[in-house]
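Student: Handing you this structure, nothing more for now.
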């Protein structure tokens, strides 16, 4: 039996690179080999799954070459006591445990100017994997980044069920890696798992920080491994890659593909989202209710979907067929952004800031990137959003700039307020002058 097995291994070695032969095939043990079946033992579920996906047909052909018979191959896992840590990792490596959200499809994604580039690029990742690589999606919470990641994963598997697709948020990746660092065997299993995927979908990459040195090194190595083999990589973040607090060498990898900014949806898109999901949920909402929801919830689309869930549960609880606008307002009142009855002029706020810095308001509102205009412009962002409750999208439209630029300006102003007493007093003066109590 050993002689036959050696011949089989010799045939397999001709078809697989030495690196992968040593990593996978060398770890297998022959249990039985007869005219009816060949039983092989793998040391772990990770190795078993990978060999079944990639090399089982090669082994079966090698048996035919060596023995002259077509014999089915069965791969079993070696029975041995495993630590809780090993069991955890083995379970986490099973792709069957993860299911893409069936509601997050390309068909249910409402397309508009705010997200058209991201949608088109995501579709292209399915049509021609690795043609756009990586695809980097960025935008604030609730604009549809996770929706597109799930849509890509679902479509790739639908197109080719043999594709191995991984969706993971970066926090989970970091936790798995920390566990795996406890032994050489586990870190090897970790590498095998992630290197085996045809597509990697990573959410919330902004949570990867410069403090996680080893995790960054591992992710960098994984990125290069998949990229060089033309495997699709899609990354989602709440900010442009230039604003990530990670090593420059990793940032440089993210800009090699397409960076797609997803803006907050306008009212037309929000109404499309509400209409589409209310039909799926069979809510039977009237036109005035749809208009109300689209008008009141302006930013995070998850709030829109949450409001629809509230309506659904209310209807189901009371066995109602129809809800009028007044009842809907009562049901979703805690989810709405409260619009303050404070009237003020945007121009007056901007003019006040300009006066403090001996500038013209038109300069602050303009496109110039002169250094002396940056801080006043950011202070305007801060006053309008944090003090007078103008949402970020409206601030962006007012200054004709991107949503991410507004977010960056708000962040910089908050840092400035904590360090600079003069700026803090300036903001307080303008706030007290215009804000009604």
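Cβ atoms are placed via backbone N, Cα and C, with glycine included.
Sharing the features that Swiss-Prot gives for it:
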- 1-74: region 'Domain I, interacts with DnaA modulators' (REGION)
- 74-98: region 'Domain II' (REGION)
- 99-315: region 'Domain III, AAA+ region' (REGION)
- 142, 144, 145, 146: ATP binding site (BINDING)
Student: Name the secondary structure element type, per DSSP in three states, that contains residue 145 (ATP binding site).
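Tutor: Looking at the DSSP assignment, residue 145 (ATP binding site) belongs to a helix.
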Student: Would you list, in sequence order, the residues of this chain other than 142, 144, 145, 146 that have their CB within 8 A of the centroid of the site's CB atoms, where the site is the one recorded for ATP?
Tutor: 139, 141, 143, 147, 148, 236, 262, 301, 302
Student: By a simple count, how many Cβ atoms lie within 10 Å of the Cβ of residue 142 (ATP binding site), its own Cβ left out?
Tutor: 20
Student: Give me the DSSP three-state residue breakdown of the region 'Domain I, interacts with DnaA modulators' (1-74), ordered helix, strand, coil.
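Tutor: The region 'Domain I, interacts with DnaA modulators' (1-74) comes out at 43 helix, 12 strand, 19 coil.
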Student: Just to be sure I understand the packing, how many Cβ atoms besides its own are within 10 Å of the Cβ of residue 144 (ATP binding site)?
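Tutor: Result for residue 144 (ATP binding site): 26 other Cβ atoms within 10 Å.
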